[in-house]
Amino acid sequence: MNKYYLIVVICVCAVLKSSAQSSWLVPQEQKEKLSLVEFTDAMRASGKEVFSVKCTACHGMPGEGTFNALLNPSPGDPASEKFQMNTDGALFYKISEGRVTMPSFKNALSKADIWNVIAYLRSFNPVYVQETAEKIETNIAPGTVLSLGISFDESKKAVAVQLVGSLEGEKNSIGGVGIKLMAKRYFGNLNIGDVKRTNKEGLSYFSWDHSLPGDSLGNVQLVAQVDQAEVYGDVKTEVTLPIAQVTNKPPLNKDRAMWNTVKKAPIWIIVGYTGGVVTVWFFIFYVLFIMKKVFALGKEPITEEEKVI
Amino acid sequence: MSEHNIKINKEKLDKIAEDVLKPVGFNNAYINWMLFLTVALMACIYAYVIQYREGLIVTGMRDMVSWGMYIANFVFFVATALVGMLISGVIGLLGYTWIKPITRIAEMIAVAFAAVAGLVIVSDMGRPERLHHVFLYGRVQSPILWDVTVVTTYLVISTLLYMLPLIPDLAIARGRMKNAPQWMLKLYKILSFNWTHHPKQYQLLFKATRLLIILVIPTAFAIHTVTSWLLAVNSRSGWDSTIFGPYFLTGAFVTGMGAVIIAVFFFRNNYKLRSYLDEPLFDKMGKLLEFVCVVYFYFNLNEFVVPAYKMKEFDAIHIHELFLGKHALMFWFCQICGLIVPMIVLLWKPFRKPVPLFVISLFVLVGAWFKRYIIVIPTMEHPFLPVQNLPNEWVVYQPTVIESAVTIGSIIMGIMIISVLAKLFPVIPIWEMAEEDEETKSKII
């Protein structure tokens, strides 16, 4: 009996261990879940209270790294980058469901409480820009011409893309439409964040990472486009903004190199090649010169005694 | 050195001139032979016309295997052409006189094969009408430009080395070939360069040839080393080797010796020159072939045993493909029939007699051609680039009929050049053979 007990324990441990090591998978539809409302200071304050009661025991104070390191899997610091990489929906799912040593808060906390905690945790992320699932009527009147505008919102540290529709000279903001933002680069564009829906003001915000390399002036060329081109048409705009990291790398063809043009070939190879060719051909022409002398000698009269043959 | 005065044995000269000049001139058999070659060449040229019109798509070369039979054939031609340097340059400068009767044959092969090598490389080009761009826009960093340069230079030096010692012979022939057609005598007159057998003319000729013989050695080394670098500057398995230069060079000596023995055997029988191209000469050529085979075997040992011992990831694929895979038959044929067996049997004198040596040389030459194929193609079939979802014909090379025809055409062209030279001019240097023996050794050095 003891033997069986031992095997069961080993098996349980193995399962726990393997589940601890594998990454925490969140179903796609849960990942995309969004708060219906925009986080407010009141929500953040309420979230802070909930956090200090329910979460601090394991996670410590956010941003201070005071989590309980002895636990497996490690609870981690909620202010850490790894934590903040989670989408709002993923955080909601993980808090609700729990796993291994992380308990499920599905029945302990209300949905509003969980969103408050998320709002509080997001306050530790300087580059976080919230996206909400507000119900927006996308009632676009027929004949409306859509246009996009890109600008940089200094206070939010985010790129704002605005979708505007104009109908008979009248301009309206259009909400609820998916927008894609990309930075231009060699060999295909770089996606900046995921597709974001425009809010009531027709705006969608893409949090901006200033470490993105730009050109020698820090310029970056941004392209915004409507995600569902088949529904809304191919609406697209491009703008160059000086918001990226100034990059001043010398071009690869600046110095003499094997791969460069002839004028910028390594000196030793130019000298070696031309030296070899000139030397050999000098002697070839010298031989031809000798033959010219042979030819000239042939014109001189010669006695029979002198002749070799 | 150049102060040496030439003494020619007049009686010997008469005898040699009569024997050597007898086969010169176009007879019926020769015209039929050339007609046959011309018809065959026309068929091959037609194949090239198709390639020129359609592009390289008619060959078996694709994106992954972009060097095929043409490049292998090019390397073979360059290799064979080097024999001119080996005979006149290396052996001549060492002071051996037994090479006298075969120097001109060796130079003939050098001229023909170097000239055709240039054409072979053009056949590999997708846009041959842009050939001059190599010179206009060539980059000094590119081994391809080096190769074009050295092949051209070697062709010029080999042609001079063939033409200069021919001058006194043409002057001799002019007086003796009364029945020759007018145009031929006129050609002899132009090419004999006002030759009056003046001792000073001989002095100048010695000086010029000595310079050329010294010059041909670095040039020939350069031509084949650069040809090896075309491959060795890549980091692909099978080419990424530091000994590729000497490996190619020694291989070229084997190939060239094979070619020269075959040619000498042919002239000995068909031109009835047995008393000059005699058995002791074959014995010497056999020994020289044995020597270059041993050296080449040594380089082969290094080239294959070292990677086969280490069996690095990509090298292992390459080595397996050669030793046991789909190229194994060709590989072992080259190594055993084209190198190891000749190397062993040539140790015995009976195998260095004309007929056995001729047969051995045939194997050596055929083995040498396939060896070039083994060097070029299997490596191309194992690119480092990740190859995924490609059609099989892109990765595996199979020469097409058109490609084979163009390659055969190049060989026919080489044979035609040799045939024309061998019937237009004497194949054995008359005046050098008639020179008084005691003086000969000091002629060059």
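Each residue, glycine too, has its Cβ placed from N, Cα and C.
Among residues of the same chain six or more beyond the transmembrane segment (B:30-50), those with a C-beta under 8 A of the stretch's C-beta atoms are 58, 123, 401-402, 405-406, 408-409, 412-413, 415-416, 419-420, 423. Here TrEMBL flags B:30-50 (among others) as transmembrane segment.
Marked as transmembrane segment by TrEMBL: B:70-98 (among others).
Residues or ranges marked as transmembrane segment in TrEMBL: B:105-123 (among others). Listed by sequence, the residues of this chain that lie at least six past the ends of the transmembrane segment (B:105-123) yet keep a Cβ under 8 A from its Cβ atoms are 48, 51, 70, 73-74, 77-78, 80-88, 99, 131, 147-148, 151-152, 154-155, 158-159, 161-162, 223, 256, 259-260, 263-264, 267, 406-407, 410, 413-415, 417-418, 421-422, 427-428.
The transmembrane segment annotation in TrEMBL covers B:143-167 (among others).
The transmembrane segment feature in TrEMBL is assigned to B:211-232 (among others).
Among the features that TrEMBL reports, transmembrane segment is placed at B:244-267 (among others).
Residues 86, 91, 237, 241, 243, 246-247, 250-251, 253-254, 257-258, 261, 315, 318-319, 322-323, 335, 339-340, 342-343, 346-347, 357, 360-361, 364 of the same chain, all 6+ positions outside the transmembrane segment (B:288-309), place their C-beta atoms under 8 angstroms from a C-beta of that stretch. Residues or ranges marked as transmembrane segment in TrEMBL: B:288-309 (among others).
Outside the transmembrane segment (B:329-348), and at least 6 residues removed from its termini, the chain residues within Cβ reach (under 8 Å) are 254, 286-287, 289-290, 293-294, 296-297, 300, 322-323, 356-357, 360, 363-364, 366-368, 370-371, 373-374. Sequence annotations record features per position, and here TrEMBL assigns transmembrane segment to B:329-348 (among others).
Among the features that TrEMBL reports, transmembrane segment is placed at B:355-375 (among others).
The annotation transmembrane segment is assigned in TrEMBL to B:395-422 (among others). Away from its own ends, the transmembrane segment (B:395-422) comes close to residues 30, 33-34, 37-38, 40-41, 43-45, 47-48, 50-51, 58-62, 64-65, 68-70, 73, 77, 108-109, 111-113, 115-116, 119-120, 123, 162, 263, 267, 377, 380-381, 387 of its chain (Cβ-Cβ under 8 Å, at least six residues beyond either end).
Within the same chain, residues 75-76, 78-84, 86-87, 102, 105-106, 108-109, 113, 221, 224-225, 227-229, 231-232, 273, 277, 281-282, 285-286, 288-289, 292-293, 295-296, 298-300, 302-303, 339, 354-355, 357-358, 361-362, 364-365, 368, 371, 418, 422, 427 sit at least 6 positions outside the transmembrane segment (B:244-267) and bring their C-beta atoms closer than 8 Å to a C-beta of that stretch. Same-chain residues lying 6+ beyond the ends of the transmembrane segment (B:211-232) with a Cβ under 8 Å from its Cβ atoms: 74-75, 78-79, 81-82, 84-86, 88-90, 92-93, 114, 143-144, 146-147, 150-151, 153-154, 157-158, 160-161, 164, 239-242, 244-245, 247-249, 252, 375-376, 379, 444.
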